[in-house]
């Protein structure tokens, strides 16, 4: 049926319709393949990481506690949009209640802000680990790690709650069709009949503040790390540090740049095809959660050692696990 591709004539304002990717509806089945694969990688990678960190006491260090928080955020952020998106692609299930739409919007944007704050915390963690290793555990104590996690959560709630309440109060015009694959704030805001200037300005201000301040703090941390690394005498150590920092910064760029680009394009009505805007908004929510377990987890020696220990514990017939040296390995 081609019904979902046209605008519903009598759409109840308690119900909205998501179009998926505007202009590319005929390719939805093909687009769903990479999206589904990325979601499965996200579920498998982050769940495995959480299980490994929980099961291995040697991984109960600040850097891995931050990594656990990141894994939970990635799981929630991906799950809040991907199942509904795939149902649109596969079954043309475009309808979503207004309450479900606002809930999805809140989770997507709040957890994006949380992820941004946590990336700053992880950059600070690496700065302390590499530039001040002897005081690492005395600076990043368990209460400090918990306080940082709570601060990122509170900041997200404080910043994102006004957005959702404001949209709830705005009257929405029919036909209530959102030209997007999920309930993205700026896309839903286009349905408002009333004055949406406050919501528009507030959304831009918060996104600009979070994106610019957080990314600057991350870049500053990595510049200080690289300065410390350049003083290393070993070329091999320098090469490894550059490789690690480079991969971290690439994943962070995939998180910040597409999201901000998509939002600014919609706000200022730039001549960019709608499907490009929607795909940009999908990239920053789907790719980083799939790559984070690989970049921050599997490439980390302690995580690989923890995985080997977990596997060897499951194979008692092989003679039992051989405990490795349990240092922090933070340098």
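A Cβ is built for glycine as well, from the same backbone N, Cα and C atoms used for every other residue.
Annotations in TrEMBL come from automatic prediction, not curation.
Non-local neighbours of the transmembrane segment (30-52) in the same chain are 21, 24, 59, 67-68, 71-72, 74-75, 78, 82, 85-86, 89-90, 282, 286-287, 289-290, 292-294, 297, 303, 306-307, 310; each lies 6+ residues outside the stretch with a CB under 8 Å from one of its CB atoms. Marked as transmembrane segment by TrEMBL: 30-52 (among others).
Residues or ranges marked as domain 'G-protein coupled receptors family 1 profile' in TrEMBL: 45-296.
Residues 18, 20, 32, 35-36, 39, 42-43, 46-47, 49-50, 53-54, 93, 96, 104, 107-108, 111-112, 114-115, 118-119, 121-122, 125, 142, 145, 148-149, 152, 181-182, 282, 285-286, 288-289, 292-293, 296-297, 302-303 of the same chain, all 6+ positions outside the transmembrane segment (64-86), place their C-beta atoms under 8 angstroms from a C-beta of that stretch. For 64-86 (among others), the entry in TrEMBL reads transmembrane segment.
Same-chain neighbours of the transmembrane segment (106-124): 63, 66-67, 69-70, 73-74, 76-77, 80-81, 148-149, 151-153, 155-157, 159-161, 163-164, 182-185, 206, 210-211, 214, 217-218, 221-222, 248, 252, 255-256, 259, 284-285, 288, 296, counting only residues six or more beyond its ends whose CB sits under 8 Å from a CB of the stretch. What TrEMBL records for 106-124 (among others) is transmembrane segment.
Feature annotation from TrEMBL assigns transmembrane segment to 136-158 (among others).
Note on the transmembrane segment (209-230): residues 113, 116-117, 119-120, 123-124, 126-127, 130-131, 159, 237-238, 241-242, 245, 248-249, 252, 256, 259-260 of its chain, located 6 or more positions outside it, place their CB under 8 angstroms from a CB of the stretch. Marked as transmembrane segment by TrEMBL: 209-230 (among others).
For 242-264 (among others), the entry in TrEMBL reads transmembrane segment.
According to TrEMBL, the feature transmembrane segment maps to 276-298 (among others).
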Positions on the same chain near the transmembrane segment (242-264), where near means CB under 8 A and six or more residues out: 112, 115-116, 119, 123, 126, 184, 186, 203-204, 207-208, 211, 214-215, 218-219, 222, 225-226, 229, 270, 277-278, 280-281, 283-285, 287-288, 291-292, 295-296, 299
